[in-house]
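Residues or ranges marked as domain 'CBS' by TrEMBL: A:136-198, A:202-258. The feature transmembrane segment is assigned by TrEMBL to A:286-303, A:315-340, A:360-382, A:394-413, A:425-448.
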Protein chains: 2
Amino acid sequence: MFNTLFLPELREMLASSNRAELEEFCQTLNAGRTAEFMEGLANEEVWQVLQFAPANRRAEIFGYFEHERQVAMLETHEPREAAELIEQMPADDRVDLIQDLTSDRVALVLPLLPIGVRRDIQRLQSYQDGTAGALMTSEVAMLEEHMTVKDALDQLGRQSSELETIYYLYVVDTNNLLCGIVSTRQLVSSLKHPGLTLGEIMESDVVAVLVSDDQETVAEKVERYNLLAIPVVDTGRQLLGIITHDDVIDVVREELAEDAQRIAAVEPLEDNFLRVGLWTLCWKRGLWLTILFFAALLTAFALRHYEADLEKYAWLVWFIPLIISAGGNSGSQSATLVITAMTSGEVRFRDWPVVLRREIIVSLGLGSFLAMIGFSVALFIAPSIRDACVIPSTLLLVIVCGCLCGATLPIAFKRLGLDPAMMSNPFVAGIVDIMGIVIYINIARLLIA
Amino acid sequence: MFNTLFLPELREMLASSNRAELEEFCQTLNAGRTAEFMEGLANEEVWQVLQFAPANRRAEIFGYFEHERQVAMLETHEPREAAELIEQMPADDRVDLIQDLTSDRVALVLPLLPIGVRRDIQRLQSYQDGTAGALMTSEVAMLEEHMTVKDALDQLGRQSSELETIYYLYVVDTNNLLCGIVSTRQLVSSLKHPGLTLGEIMESDVVAVLVSDDQETVAEKVERYNLLAIPVVDTGRQLLGIITHDDVIDVVREELAEDAQRIAAVEPLEDNFLRVGLWTLCWKRGLWLTILFFAALLTAFALRHYEADLEKYAWLVWFIPLIISAGGNSGSQSATLVITAMTSGEVRFRDWPVVLRREIIVSLGLGSFLAMIGFSVALFIAPSIRDACVIPSTLLLVIVCGCLCGATLPIAFKRLGLDPAMMSNPFVAGIVDIMGIVIYINIARLLIA
């Protein structure tokens, strides 16, 4: 019935307080789709509809709204109901929300939460952004070694609505130290022997991350071992929480978007593009723009240095932007390809001779082709055929140099422990620009003089 | 014990055919870590070790080796054992492997597989790359509506080793039409009522993708609804397979790397950077490089057009690269920020007025700052203070125009149904270069003349 449901019908249900239909609406669909159907409602209407869902379902549906809408809904609604909803949310998500509420609102809502939830929020808030601690949720199935398969399954059944994932059970000792892991898959396939204990079927070699580990490390391990969730421990191997696969996708997205921004010489924003402050935006862009500007200033001094040549052969000037952009574009292609290949693990340091050999061949090919086009244009503009030869020779050399710079600098930076994405494009651009001019004028002197 | 295990010890176990220890080595650890410990072994040694694992565990460990190594191992080993391993692998992974084996090898190995597996491989191979069909695996838990919770759990226990994921059960009718979904979570929490049927607890509003859907659609739905796996159906809603979350992470990685490549004006490689053919590489880079080259040629004609001005005020020439690069860099910053924000869903078409307003403010700020630096340098180089004013005025205008082009073109392209990442950077570069020169000379004429 709900595939054809429209906003007016939902509003009508609300107006007539049609309890049965509203309850059905909140329960029958996938929670994400229920949220989508409500997108057109005003915030207070959404609150009214949500009253017809049981508390945990209410939080689940709420979790599918956009972050901005969640904040707005919690900011303006009656504090007690807002607190109830927050209590039911996954531990990691509610911390993210509370961080974006105004401090007045937090002061109003926080005291309405049970002391245990409050402590949990404080604890999770204390971890630094970008670390495993900031990503994890504290709702995790911790069971003891001597528990039987049957008892574990029963307990899981009782707790399942509170846990973020029930697909791994973590076996801990009396000090909460992580000693093993049992997947629900193992549990289910051990059902024919319900008397087995978790200690007997668990895998004791658990892949885990430290609470202080970088989020990139988390993503890397989850991907390498194909996990649905990864446990987070402290240095004493006490189990603190887990990070689930959906948070890992977010990390991958964030890291790759940051890479793309670094390649274009922007300090990663680390916030929504439309929400980040204009001062911050100026600063994060201005920093690299200024560095690049100083690099480009060198070209002005180089050209001034070649003043005499440029006045004698005025037509050389017309090709300056062409030569610089050909070098810059081919260099940034190489740099981007090498950086993305290194991020995905396709290229490592030991591969540099292969990369170099391939770049030389490709750049000779590309350079020769563009040199031919450049030559045919130069024939019309340059005073003689011999003079026109300056253009193709320069183009070929600049493109080969541009590609080699673009391909090797990221590898070198990575080797030096620097972020290849951050350092390479500004460097490539700066080096190739100035190199282009020096090559150009010197070839001109050689051929024309 | 195995955390301190080194290669020599593993080799010693092999030399002495220490069955008990080798069996323990294959079984105790996480399969991914077992594979890591064997990384230093030669291919034939790995085969020897794998003989001590049960068939399905063997395939699981094998699945963690790098793709190239898997291909090499299957290419050279005794065909019967290779076929046995392939039979045990997840349906989607084995298709990817078989595609990279030589045709001679495929002809040798394929006939050794059971007819069912062979058909399955052929069926999965028939789907086009980049579609849901090419990502899916056919091993999915399909159960019938009238089955009870208890029976479902029992059957799951028996089949669990063959299924890629046991976290969702798909409920189908007698024609294999998808009619509902039960998560293992629901199953486990319904254990207190073991007589309930799947039909009674299932969610009938199933989020699914069409077999012909693009892989981006798949990733988007899995992320939006926080799924562990998504069912793949044909247009008649017959269940064909599922796509699991680990394949979705790969898609996200691939799509974002392609975006980064498109931003740098390279046609996405769609293959490993080191393995892609040199001709293909030349073509994928040359295409855009040539288009950009023709755009840059326009600058040569523009400069030629302004020949008289440039000869009169020779010092103007020195700042040409600086002005072009300032415009280009700020434009590519804006374009990259808008493109990554659109990919992550932070910016939509309706946001363009906000984006524009923010870009104007930021570019005025950045432009003024760089204009000041440019002015102080120009004071030393230009013949008079009035002449020097050409540089800051031009810089400010070029940077503002560059940012506006960079920010609005991706949004416009997206609106026109084109890929913003593909079209924008070449366009921005081309437009900003030529615009920079026209602005520069005209401001010079205005101020100096």
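Backbone N, Cα and C atoms are what each Cβ position is placed from, and that goes for glycine too.
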Query raised in the report: Which whole-number mean pLDDT does the model give the domain 'CBS' (A:136-198)?
Result: 86
Query raised in the report: Taking a Cβ cut-off under 8 Å, which residues six or more beyond the ends of the transmembrane segment (A:315-340) line up next to it in the same chain?
Result: 259, 263, 299, 303, 309, 347, 355, 359, 363, 366-367, 370, 374, 378, 381-383, 387, 390-391, 394-395, 398-399, 401-407, 409-411, 420-421, 424-425, 428-429, 432-433, 435-437, 440-441, 444
**Report entry** Tally of residues which DSSP labels helix, strand or coil - the domain 'CBS' (A:136-198)
**Finding:** 18 helix, 18 strand, 27 coil
Requested in this report: Taking helix as H, G and I and strand as E and B in DSSP, count the residues of the domain 'CBS' (A:202-258) in helix, strand and coil.
Outcome: 24 helix, 16 strand, 17 coil
